[in-house]
């Protein structure tokens, strides 16, 4: 049964991980600013944080959130505030060409903790566990979900880092890099807007 679900699980995992969202916009920015190697910690933090979300989903946090909707609202608004802060950081960040190593990439611990208030990551984790876990082999199926989402997520995250790195070749002057950061900041804000009007 697990093998028959694997293609669907991997496809869902990849689509959930590769679609635009705050993690991917921040990875593109980091890839542009710091390059591939210095962004690896950020990627690792995202994946570790999402493994934590999957485990929390598996032990029943979804049912707790359904029972106490205020928890969802608290997570959502903390996430909105933090994503707004990150978007503003992108706007005011000077380019690497100007500042050298003055800025540091997001630390893996920061990236992992951000997942706790990342509404998109919560939605994907809860959906994966609810859809693909099996009653008969519950924890084994959860392990498969974790492996699939981690593997597909790494590929997706590296794609975004690569896009940021490629963009750095195109946006190779301070003014162009600022324009790139403004664009990523706008896209990050755009992911927040639907959350504000969510029922």
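Glycine too: its Cβ is placed from the backbone N, Cα and C atoms.
Because TrEMBL annotations are produced automatically, they should be read as predictions rather than curated entries.
Looking at the stretches 74-92, 93-111, the one that TrEMBL records under the feature transmembrane segment is 74-92. For the transmembrane segment (41-65), same-chain residues at least 6 beyond its ends with a Cβ under 8 Å from one of its own Cβ atoms are 23, 26-27, 30, 71-72, 105-116, 118, 121-122, 124-126, 128-130, 133, 138-139, 142, 145-146, 149-150, 153-154, 157-158, 161.
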